[in-house]
Amino acid sequence: MKQYLELLNDVVTNGLTKGDRTGTGTKAVFARQYRHNLADGFPLLTTKKLHFKSIANELIWMLSGNTNIKWLNENGVKIWDEWATEDGDLGPVYGEQWTAWPTKDGGTINQIDYMVHTLKTNPNSRRILFHGWNVEYLPDETKSPQENARNGKQALPPCHLLYQAFVHDGHLSMQLYIRSSDVFLGLPYNTAALALLTHMLAQQCDLIPHEIIVTTGDTHAYSNHMEQIRTQLARTPKKLPELVIKRKPASIYDYKFEDFEIVGYDADPSIKADVAI
C-alpha cells in the first residue's frame, strides 16, 4: 500500500517532536486520511509480514463482547497481555461498548445489531455507525491499566473508536476514525481489521465490499521505532493478497478464524519493534 508508506514518510519527515503518556517520545502529525478500494486487494501490508491470525481473532473477540484476554491467549493472540490484570481482565473495553452499551434504565444496546439491521433495512441512512468512546468508563490517567480495570474502568481508552458505513448501488464502504494512531505497529492492524469487518458486514447484508477510509487524529511514530520505519520505507510494495471467506455464517458473531483464507500473500519479513506501554 503506497498510501501507507507515504503516511509513514510524512510522519518521520514532518512530524513534531512530542512527549506522550508512555514517556517514550514521538514524532506526530495531526489529522491524516487514506483510502483503499477493496477491489485492488486485501490491505495486508507487503513491506513487512503481518500476523493475520491476530488481526482476525482480535476482531472476532471484540465482536463477541469479550473483554478478557483468556480467549485471545487460547487462540494465539498476545497483543493485549501487557494491559490486563492477573485475571486477564481489561475492564469495559471495545467489545463491551460495541455490544452492550449501558443505558440509564439498566439495560444495554448492541450497536453491532443496530448496524447490521440498518444496513439491511435502511441502507441510505446516515446514522449507520458504532463507537466505543463511553466517557463514563475512560481510564484515570494517573493509574495503571490494571488498576483502572480493577476499578471498573477501561484499561486503555479506545484508539480506533468510530466506524461508519456508507451504501451506494449495493456497495458497502466503511470509514474508521482513530483518535491516536501508532503508525508503525497499530495502524497496519487497524487497516486490515477494518477491511475484514467490511467484508464480513457486506457478506451478512448481501452487499459488495467497496472502499475503506482510515482517518487518524494524533498520528505518531515512537522515537524507538525510527530505525524500523527506515527499514520499511526502503522496501518496495508488492501485489496485495486476496481475502476468501469460505462460508456465510448465520450472523456477524459466528465467524471463526478458519472461515478466512488469505490468498497470494507475498510479504517481506516482519520487523520487530517494542510496544510503548
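Just so it is clear, glycine is given a Cβ too, placed from its N, Cα and C backbone atoms.
Taken from Swiss-Prot, the feature active site, nucleophile applies to CYS159. Annotated dUMP binding site per Swiss-Prot: ARG21, ARG126, ARG127, ARG179, SER180, SER181, ASP182, ASN190, HIS220, ALA221, TYR222, in sequence order. Taken from Swiss-Prot, the feature (6R)-5,10-methylene-5,6,7,8-tetrahydrofolate binding site applies to HIS51, ASP182, ALA276, supported by sequence analysis.
On the structure: features taken from Swiss-Prot.
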residue : record                                                    : contacts (Cβ under 8 Å, 6+ apart)
ARG21   : dUMP binding site                                         : GLU141
HIS51   : (6R)-5,10-methylene-5,6,7,8-tetrahydrofolate binding site : SER270
ARG127  : dUMP binding site                                         : THR118
CYS159  : active site, nucleophile                                  : ILE178, ARG179, SER180, SER181, ASP182, GLY186, ASN190
HIS220  : dUMP binding site                                         : VAL11, GLY15, LYS18, ASP20, THR26, LYS27, ALA28, VAL29, SER180, SER181, ASP182, VAL183
TYR222  : dUMP binding site                                         : ASP20, THR22, THR24, GLY25, THR26, ASP182, PHE184, ALA273, ALA276
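ARG127 (dUMP binding site) falls outside any helix or strand according to DSSP and counts as coil.
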